[in-house]
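Read the structure below first, then the notes.
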Amino acid sequence: MTSVEREVLFQYNEGRKIIKIGNDLDLLQRVKERFDLDGEIVLQKPEEHKDYVEEFGVGGCMFKPPRVIIKEAFYNLIKNDDVLSDSHMQEVARRTQLSVEELNMHVDHLRLMAQRQKEGAKKAACTKAKKKSAVPVEETTWCWCREGEYGDMIRCEAESCTTQWFHLKCVGLLFFPPCVWLCPDCKVEAEQYCLCNQPEFGLMVACDKMDCTLTWFHLACVGLKAAPKGKWICPRCEYISYSVQSVM
């Protein structure tokens, strides 16, 4: 599967429409036929699709976003400390078009969320027990909005972060990124790489195109399980080259 085809599938899985990539309607038709996708091909800008999901949610989507599928499949199991079977992991990976390694990153994040909720419940019980105490107990707040813990939240991995947990919507995310994430405040202090604009983490691969503006990429962000052998061009440069060739 080419990076452009992978992007079309990803956009299709994110909602009820196939989003137009460049000006090549034939490409969308080929991808639709190759992967036996249902539904109408609709030319729609990514910004329009993002606005649709934010306003109406995923209820009307032909395919739910990966973060929703993953949460529905695993959250209750994780919260109850149940064992996640290999067959279940592989099935969810197939439904979300993610590798098992990428899926494990999302599952690990859900474990952090479940752990945080358990800690919050213990703290609430402690607060209730000390309600009659003369010393007031300060209630914890999270995120920039200071509205407390609710819904999907993501943790900033910077040790110096003073907030740590953020609501996805407050930091402009629709789903959990597949790599280590830093909040916008902490990103200012860290050198950024990759399509995700996040710092160096884990195994990374360099784009061999001389004029690449990003240079280094996290393997998970570009759909790789291991560093490629030989020359490798990143999806962004590949897409730019494809667009230029389409115009010529």
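Heads up, the Cβ atoms here are built off N, Cα and C, so glycines get one too.
As recorded in TrEMBL, the features of this protein are as follows:
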| type | residues | note |
| --- | --- | --- |
| DOMAIN | 191-240 | domain 'PHD-type' |
| SITE | Tyr193 | site 'Histone H3K4me3 binding' |
| BINDING | Cys194, Cys196, His218, Cys221 | Zn(2+) 1 binding site |
| SITE | Met204 | site 'Histone H3K4me3 binding' |
| BINDING | Cys207, Cys212, Cys234, Cys237 | Zn(2+) 2 binding site |
| SITE | Asp208 | site 'Histone H3K4me3 binding' |
| SITE | Trp216 | site 'Histone H3K4me3 binding' |
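Look at the Cβ of each of the binding-site residues Cys212, Cys237 and count the other Cβ atoms within 10 Å; the largest number goes with Cys237. Between the CA atoms of Cys212 (Zn(2+) 2 binding site) and Cys194 (Zn(2+) 1 binding site) there is a gap of 11 Å. Across the residues of the domain 'PHD-type' (191-240), the predicted structure has a mean pLDDT of 79. Between the CA atoms of Asp208 (site 'Histone H3K4me3 binding') and Cys196 (Zn(2+) 1 binding site) there is a gap of 19 Å, rounded to the nearest whole number. For the recorded positions Cys196, Met204, Trp216, His218, a Cα-Cα cutoff of 10 angstroms around Cys234 (Zn(2+) 2 binding site) retains Trp216. The least crowded of the recorded sites Tyr193, Trp216, judged by other CB atoms within 10 A of its own CB, is Trp216. For His218 (Zn(2+) 1 binding site), the recorded positions whose C-alpha atoms fall inside a 10 Å radius of its own C-alpha are Met204, out of Met204, Cys207, Cys237.
Proximity to Tyr193 (site 'Histone H3K4me3 binding'), defined by a C-alpha to C-alpha distance within 10 angstroms, is shown by none of the binding-site residues Cys207, Cys221, Cys237. Look at the domain 'PHD-type' (191-240): DSSP puts its residues at 9 helix, 8 strand, 33 coil. The recorded positions near Cys207 (Zn(2+) 2 binding site), taking a 10 angstroms Cα-Cα threshold over the set Cys196, Trp216, Cys221, are Trp216. On a Cα basis, Met204 (site 'Histone H3K4me3 binding') lies 9 Å away from Cys194 (Zn(2+) 1 binding site). Cβ neighbour count for Cys196 (Zn(2+) 1 binding site): 20 (other Cβ atoms within 10 Å of its Cβ, all protein chains included).
Neighbour density for His218 (Zn(2+) 1 binding site): within 10 A of its CB lie 23 other CB atoms from the protein chains shown.
Taking Cys196, Met204, Cys237 as the recorded positions under consideration, the smallest Cα distance to Trp216 (site 'Histone H3K4me3 binding') is found for Met204.
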